[in-house]
Amino acid sequence: MSQTLSNVLKFVVFVSLGFGILYLVYRNQQAAYAADCALRGVVGEECSLIDKVLRDFANANFWWLGMTLLAFCVSNLSRALRWNMLLRTLGKEPRLINAFLTINLGYLANLGFPRLGEIVRPAAMARYENIKVERVVGTVVVGRTLDVLMLLLLSGLTVLVAGDRIWSWLEANASVGDRLAVLEGWIVPMVVLFVLALALAWFQRRRLRDSRVGTKLEAILRGFWEGLKTIATVKRPWLFVLHSINIWVMYYVMSLCVFLAYEPTAGLGMEAALTTFVSGGWGIVIPSPGGMGSYHYLAQSALELYGLPGEDGFAWANISFFTINIGCNILIGLIALLFLPRINRSYSPA
């Protein structure tokens, strides 16, 4: 199978996954919305969930949605500054504008193909700053590892402040617990397969090392390891930590701004915003374009904890998703795509 055909098939699979989850969420909420309409005596033609979402979007407070865009830019500025701190440990002095724009270019790429941005971002930075791409990839992995740790910490904080609500919801939705139990059944086999693969690679290490592929892989891994080690030698670690915290504070502020922009969620408070933000964050981890579908399901489920009807939760998730992905990722990503070649036309990295 050619590489192009393989990439096309992967794209179709991941996009289908996102649309499939989104459709299931929509179908369930349309049924619930239709039942609610019947109770209120509203006829079927006037009871379209899509029409409701469009009306809610049109009636949202666009000042708060603008603040969402501002928080997104501040978050990416901190991410760019933190990334440059890692890259400086490699003996480079990358331009801040290149770091900022390549980050946004990566977000744009993620909308087309899940995790593609993790390749596009270091590749673009390596090209414009004349750094070996595998070393840049190592620094990206450091950043993503810190992101996962921050999401885990915030998940723990959410359990502390909203644990009773979460437990009550899980008890009321026994089917969710059954699904989680099914997922747990996959964990052990996957771990066993991973260990067996490592054992096979270990016993065949000499043959692998002497092959041409092995030699190339070893060179890539050395550069990758150099990138990973940057976190141990970063200057002003307190500033590095501050930027790491600010990235996620701004992500939370983005969710809070969308809460304030939408009337049914405007009065739910900061705890509800935190729970929804963290829940939606895990939805974005699932490999669908921009978290499409999975983000909607988990954000809407979190909002149900605070008594918000499913159709309003679905509308909020769409307002949040499209504000961030169209207003932020696509708009700024296209600016990055347009201006990166222009601003680097006569640039010679140090």
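Any Cβ shown, glycine's included, is placed from N, Cα and C.
Per TrEMBL, transmembrane segment is recorded for 7-26 (among others).
Within the chain carrying the transmembrane segment (62-81), a Cβ under 8 angstroms from the stretch's Cβ atoms is held by residues 96, 99-100, 103-104, 143, 243, 246-247, 250-251, 253-254, 257-258, 260-261, 319, 323-324, 327-328, 332, all 6 or more beyond its ends. The transmembrane segment annotation in TrEMBL covers 62-81 (among others).
Summarising the annotation, TrEMBL assigns transmembrane segment to 136-163 (among others).
The feature transmembrane segment is assigned by TrEMBL to 183-203 (among others).
Feature annotation from TrEMBL assigns transmembrane segment to 238-262 (among others).
With a cut-off of 8 Å between Cβ atoms, the residues of this chain six or more beyond the transmembrane segment (315-340) that come close are 52-53, 56-57, 60, 65, 68-69, 72-73, 76, 98, 101-102, 104-105, 107-111, 124, 128, 254-255, 258-259, 261-262, 264-265, 276, 280, 290-292, 295-296, 299-300, 303, 308. Residues or ranges marked as transmembrane segment in TrEMBL: 315-340 (among others).
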